[in-house]
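Copied over from TrEMBL:
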type	residues	note
BINDING	PHE72, GLY73, LYS74, TYR92, THR93, TYR94, ASP144	substrate binding site
BINDING	ASN129, TYR131, HIS141, HIS206, ARG218, THR222, ARG224	2-oxoglutarate binding site
DOMAIN	122-227	domain 'Fe2OG dioxygenase'
Amino acid sequence: MIKMEEHECEEEEKDPSFEEFSHPIPWQKIEAEGLDCDYALLFLKEEADNLFRQLEEEVVYSTGEESKVQVFGKVYNIPRKQATYGNAGLIYTYSGVRRLASPWTPTLECIRNAVTDATGRQFNFVLINRYKDGQDHMGEHRDDEKELDPSCPIASVSLGAARDFVFRHRDARGKRSNRRIDPVKLELAHGSLLLMNPPTNTFWYHSLPVRKKVLSPRINLTFRRILEDIAEQSKRNINIKNPD
């Protein structure tokens, strides 16, 4: 069963599970077996509209080889635009591709700080996906790369068109699945924040499926905390393979 509860994080709130949330916004708790998420509206429409416009001006998306991804040994074009920003020198590796973080832009710093104020968590990296319309999508995957701090949630901010977001348990995927566990589907609204808390990415895959009726763009920002020592080791490995 999926449990969704609304919590007001006010000063008199005694529930210790919400003490980490420092900004008083209404949170919804979303739970299933091994799934633990929190969902809230972080930005009102006018502010979200302004942030979307500013990101359209500031963000530089990857091109060429950096706009491809490796799946089961084959290379494909990514069905959306991507960019990576964060603290100096950070590298994030996923789907066979290494991404070096570009410096934070003013708007990204503003959004990151708002997420930190709302959650009490610090983030040093963001992966940005831009979906031009409902044809752009993301396949099922887990954000479980070794560079990520396993104790820190992933904070997903959505701006633009509302899109369906689907969780599927790892034991209920494919025709040979050995368990019947219903998927969890959410609609991520303009200005919303979804926290994927541990151990969600251990047990649940997530995706953003094609929705042909969606005609307008969406920008999604997933804030993460990368472990600095592992990122530094990845950087040294790159330098060894590609000496000047």
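Positions of Cβ are set from backbone N, Cα and C atoms, glycine also.
Curation does not apply to TrEMBL; its annotations are automatic.
Predicted, not measured: the structure shown is a model, and the values here were computed from it.
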- Item | Pairwise Cα distance for TYR92 (substrate binding site)/HIS206 (2-oxoglutarate binding site) [Å, integer] | 19
- Task: Write out the long-range same-chain contacts of TYR131 (2-oxoglutarate binding site), meaning residues 6 or more apart in sequence whose Cβ is under 8 Å from its Cβ.
- Result: ARG80, HIS137, GLY160, ALA161, ARG163, LEU208, PRO217, ARG218, ILE219, ASN220
- Mind computing the max CA-CA distance among ASN129, TYR131, HIS141, HIS206, ARG218, THR222, ARG224, which the record assigns to 2-oxoglutarate binding, rounded to whole Å? 20
- Pop the mean pLDDT for the domain 'Fe2OG dioxygenase' (122-227) in here, whole number is fine. 95
- Once the chains shown are all counted, how many other Cβ atoms turn up within 10 Å of the Cβ of TYR94 (substrate binding site)? 16
- Inter-residue Cα distance where the pair is TYR94 (substrate binding site) and HIS141 (2-oxoglutarate binding site), in Å: 10
- Note on the structure: For the binding-site residues listed (THR93, ASN129, THR222), most other Cβ atoms within 10 Å of the Cβ sits at ASN129
